[in-house]
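A.B. asks: Sharing the record's features from Swiss-Prot:
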type     : residues        : note
ACT_SITE : S154            : active site, nucleophile
ACT_SITE : D215            : active site, charge relay system
ACT_SITE : H268            : active site, charge relay system
BINDING  : D98, Y101, H268 : substrate binding site
CARBOHYD : N100            : N-linked glycosylation site
SIGNAL   : 1-21            : signal peptide
Amino acid sequence: MKQFSAKHALAVVVTAGHALAASTQGISEDLYTRLVEMATISQAAYADLCNIPSTIIKGEKIYNSQTDINGWILRDDSSKEIITVFRGTGSDTNLQLDTNYTLTPFDTLPQCNGCEVHGGYYIGWVSVQDQVESLVKQQVSQYPDYALTVTGHSLGASLAALTAAQLSATYDNIRLYTFGEPRSGNQAFASYMNDAFQASSPDTTQYFRVTHANDGIPNLPPVEQGYAHGGVEYWSVDPYSAQNTFVCTGDEVQCCEAQGGQGVNNAHTTYFGMTSGACTW
């Protein structure tokens, strides 16, 4: 498989010309540590939350047997946050959701005007919506000064995006971290997310869309089918580090999506050296 080094990545960004001004190399160590922490939780969700950070308290399980959607409500008292995490694809049932590209009205969030979202992931979201909203409400009532964080990888990333969108209608101070997120909806949905999560700039964004090397999943579903990405993209290239993380705004095809990756590849299953469910970190 073709490897993407930081040197190669910089050459790609510079060659892009119009994209140069919207792409910068390097993020702070604090932000990098935060992205790695959220990636750890998201990758651990494939294996019943193995090896999560010691400050994380494992709470209630989110599960629907018909869609095989899995998630958890977690709490971190050290950072004063309530974390919702979703597992990515783990079964044939999940795969059926992945491949349902039909754009569907986001009816559970009517204030998202004109929004259509990935049909399969919307089915998954609706199947656990009541659980998620009830469990989050319980946690917020017990810890009213805690922030809300939502995260996930792959299918779990898109579920995290839909969940964060829904919760944003009720709660303030929500942060969203996704890893290897497919395109989750149409341009109206992407615009809604950018507005709701202040994603017009890396200085204000609360929507951190993390990609890796030539991960092929962020290229799906195709833009030709009406899909678009939201959020600020943080593109990690190897060897992974704060310095080798690019901040990409504007044209969504300038960083990860420009590398030509297709579908599930090694770059998709591994983020910051952690492979989905491997628990070797």
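Cβ from N, Cα, C; glycine included.
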A.B. asks: Quick one: of N100, Y101, D215, which recorded positions lie within 10 angstroms of H268 (active site, charge relay system), measuring between C-alpha atoms? Sequence order, please.
C.D. replies: D215
A.B. asks: If you count other Cβ atoms within 10 Å of each one's Cβ, which of the recorded positions N100, S154 has the most?
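C.D. replies: Compared across N100, S154, the most Cβ atoms within 10 Å surround S154.
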A.B. asks: Would you mind reading off the Cα separation of the residue listed as 'N-linked glycosylation site' from S154 (active site, nucleophile), to the nearest angstrom?
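C.D. replies: Cα-Cα, rounded: 14 Å.
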A.B. asks: Cβ-Cβ under 8 Å from Y101 (substrate binding site), same chain, 6 or more residues apart: which ones?
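C.D. replies: Those within reach of Y101 (substrate binding site), by Cβ under 8 Å and sequence separation of 6 or more, are H118, G119, G120, P221, Q225, Y227.
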A.B. asks: Compile a sequence-ordered list of residues in the same chain as D215 (active site, charge relay system), six or more apart from it, whose Cβ lies below 8 A from its Cβ; state 'none' when nothing qualifies.
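C.D. replies: Sequence-distant Cβ neighbours: G180, C256, G261, N265, A267, H268.
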A.B. asks: Including all protein chains displayed, how many Cβ atoms other than that of D98 (substrate binding site) lie within 10 Å of its Cβ?
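C.D. replies: Counting Cβ neighbours of D98 (substrate binding site) within 10 Å gives 21.
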A.B. asks: Roughly how wide, in whole Å, is the group D98, Y101, H268 that binds substrate, by largest Cα to Cα distance?
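C.D. replies: The span, Cα to Cα at its widest, is 19 Å.
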A.B. asks: So for H268 (active site, charge relay system), how many other CB atoms are inside 10 Å of its CB?
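C.D. replies: Step by step: centre on the Cβ of H268 (active site, charge relay system), count other Cβ atoms within 10 Å, giving 23.
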A.B. asks: How many Å separate the Cα atoms of D98 (substrate binding site) and the residue listed as 'active site, nucleophile'?
C.D. replies: 9
